[in-house]
Amino acid sequence: MELALRRSPVPRWLLLLPLLLGLNAGAVIDWPTEEGKEVWDYVTVRKDAYMFWWLYYATNSCKNFSELPLVMWLQGGPGGSSTGFGNFEEIGPLDSDLKPRKTTWLQAASLLFVDNPVGTGFSYVNGSGAYAKDLAMVASDMMVLLKTFFSCHKEFQTVPFYIFSESYGGKMAAGIGLELYKAIQRGTIKCNFAGVALGDSWISPVDSVLSWGPYLYSMSLLEDKGLAEVSKVAEQVLNAVNKGLYREATELWGKAEMIIEQNTDGVNFYNILTKSTPTSTMESSLEFTQSHLVCLCQRHVRHLQRDALSQLMNGPIRKKLKIIPEDQSWGGQATNVFVNMEEDFMKPVISIVDELLEAGINVTVYNGQLDLIVDTMGQEAWVRKLKWPELPKFSQLKWKALYSDPKSLETSAFVKSYKNLAFYWILKAGHMVPSDQGDMALKMMRLVTQQE
């Protein structure tokens, strides 16, 4: 395990200049936070497996970072980069044009972005045998990173620590959260673990697939014939999962997506009110002339690595960080990450969420109204399957309306919460809730972390 702090006390007015000019400043610099405090490094989590993390200290004008929570953000895919997409496209201090983000979560929490699993973003492996193959391996790697992080950053050991996530990142967050709880109980990791937040998360893949047809039909994006076609392949996915044929289920999942694209004129799986690019539909028609896994990866990781973001990460950001190996590029191993998780992809983790709830860990589920790939109907379906004894009381509650702007009468979300389970329905948002509804996402984060 290797971890060394990378920081340099540079006057803030100088910090943005080299990056905006696309120049190499020479020394590692700490922009763009108000306090100008960032650290980043690699941790060797296994032989030939190196995980990259990037920490921003909170920049609240009224509170010290030690008075605010620490949020770790996990991206989806698997193979999507937290330090890239989550940081510059969703919740970090700057957007992908390097302009300040008004809704950055940094104003209410310190942010820890981790490129996970190994091979994602700036994380990398040396040798094909070092990729993670399943959730257990992903969680084990993260325990090595978190043990190292909290040992070296003792100032965060007592700060409330939350794991926020998106998409497949939610599945990883559940598994990581449970292993972290166990590690804390054993005394091998010292931190103040406060909860997990599962955003549009791949907790029960088959429940998502089964809900696609009814959801699209209710939104006038399928008619009777199309609904029948989608429902037929969804049943095939269910049968494969029930038989434990998870590789086959993953392939059938890809087939279901192709049928949906053909019947909806290329609906966008991440926001049904926006259109997929024409190349997306064209590529889907060619899917089974290539490896179905490679095609699925192109569809579900490509949007997290668009050209502009890739150029930013492999250009100015790489120069800023100064520790990326010369033979590694941001996102260069993403396809291999996705392919190596094939067997694990369609496995549900409802039982893990149950274990978290039974352990008293705060669990928040939040979902965008316009998401298709992990639609709200599917999320509600797996929540109803929880064996948590308090679920009936949770279900009987009436939800409460939320407003991102207290001066507005427009409803931004609904929430239902009982004991250590909460569910947020985020309106007018797709799969990437912070990107679509930044104000409401920030408000939700504050509510989850008990700041409102």
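The backbone N, Cα and C atoms fix where each Cβ goes, and this holds for glycine too.
Counting only residues at least six positions away in the same chain, the Cβ atoms of Gln75, Gly76, Gly77, Gly80, Gly199, Asp200, Ser201, Trp202, Ile373, Val374, His431 sit under 8 Å from the Cβ of Ser167 (active site). What Swiss-Prot lists as active site is Ser167 (among others), and the listing cites sequence analysis.
Residues or ranges marked as active site in Swiss-Prot: Asp371 (among others). All protein chains included, Asp371 (active site) registers 28 other Cβ atoms within 10 Å of its own Cβ.
Cβ neighbour count for His431 (active site) (all protein chains, 10 Å cutoff from its Cβ): 25. Under the heading active site, Swiss-Prot lists His431 (among others), citing sequence analysis as support.
With a 10 A radius on its CB, Asn64 (N-linked glycosylation site) counts 10 other CB atoms from all the protein chains. Among the features that Swiss-Prot reports, N-linked glycosylation site is placed at Asn64 (among others).
Annotation comment: Swiss-Prot describes Asn126 (among others) as N-linked glycosylation site. Sequence-distant contacts of Asn126 (N-linked glycosylation site), defined as residues of its own chain at least six apart whose C-beta falls under 8 angstroms from its C-beta, comprise Asp48, Tyr50.
Here Swiss-Prot flags Asn362 (among others) as N-linked glycosylation site, drawing on sequence analysis. Around the Cβ of Asn362 (N-linked glycosylation site), the same chain contributes Ala194, Gly195, Val196, Asn420, Ala422, Val448, each under 8 angstroms and 6 or more positions distant in sequence. Classification of Asn362 (N-linked glycosylation site) by DSSP places it within a strand.
The signal peptide feature in Swiss-Prot is assigned to 1-26.
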Item checked: Spatial separation of Asn64 (N-linked glycosylation site) from Asp371 (active site) - C-alpha basis, Å -> 36
